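Annotated transmembrane segment per TrEMBL: 20-42, 54-73, 93-115, 135-157, 200-220, 232-254, 266-284, in sequence order. The domain 'G-protein coupled receptors family 1 profile' feature in TrEMBL is assigned to 36-282.
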Amino acid sequence: HSVVTEFILLGLSSSQELQLVLFLVFSVFYGAAVLGNILIILTVITDSRLHSPMYFLLSNLSFIDVCQATFATPKMIADFLNEHKTITFQGCMSQIFFLHVFGGSEMVLLVAMAYDRYIAICRPLHYLAIMSRRVCAVLVGVSWAIGILHSASHLAFTVDLPFCGPNKVDNFFCDLPLVIKLACLDTYVLEILVLTNSGLLSLICFLLLLVSYTVILATVHHQASGGMSKALSTLSAHITVVVLFFGPLIFIYIWPFESFPIDKFISVFFTVFTPFLNPMIYTLRNKDVKEAMKKLKSRMLVLSRFSRK
């Protein structure tokens, strides 16, 4: 029985001058995030040497990062130029849905990538047999399925909440805890359900990642004296991405229903900076990807010269 047809997004700042600066800054970061992740996807597709389970999972992570950066950031950038920052009820529910689809899928995919590294380092002779194309496809499919189910469980009760007056969301997108607080009823139980649902999935994935990397390092340490540095070099990119992804989530779910200025920074970090940093982390420390990108660049230059002629 909602009478609210749109929500007002308060955004990151009310200063017109600052909003112009933010418009330029986030336009650059968003463009770099999308182009960087698309470049990784194209590189993996076009280079046959990268047709392995690890890079297949990496390209899927890049695809999720493109989606993660796109579900809210373009509207945020456009809103910097608009005096009235509004979003329809349907648009708000869509943002909530896609945020949890992409966030849940990425968490599970990071676990799949950790499993891939476990097999590669701890059982190298059986790597290709275990990590077959079918297994990789199943892992990616499971990550999307869990993300969709996780999001649908949130949206199932949020859509039917009665919104009868308050419609100001103190963020640049429809964040589920903030939207729930606008409902015209006691939302304490709903807040606990949201915390339990999202927090449980995050905790399970984080613990699986922690156990996986601990087992890998312990196994390599016992197998070879110099293996620890090699394992750390191989896993450093994965561990860095996990820390960047789960660090903000841990803070969000420690104080999930209170409004702090840092919450907006965490939202920006999660939706803009993490998709921007992931391509840099995986390419700067990976010789195969860098060489493949150089080849792709050479091909593109040849094609551009040929088209001009």
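Placed from the backbone N, Cα and C atoms, the Cβ positions cover glycine too.
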* **Closest-packing stretch to the transmembrane segment (54-73), where packing means Cβ pairs under 8 Å, from 20-42, 93-115, 200-220, 266-284** => 93-115
* To do: Restricting attention to the domain 'G-protein coupled receptors family 1 profile' (36-282), give the mean pLDDT.
  => 85
* **Long-range neighbours of the transmembrane segment (93-115), counting only residues six or more past its ends (CB under 8 A)** => 54, 57-58, 60-61, 64-65, 67-68, 71-72, 87, 139-140, 142-144, 146-148, 150-152, 154-155, 158-159, 173-176, 179, 198, 201-202, 205, 208-209, 212-213, 238, 241-242, 245, 270
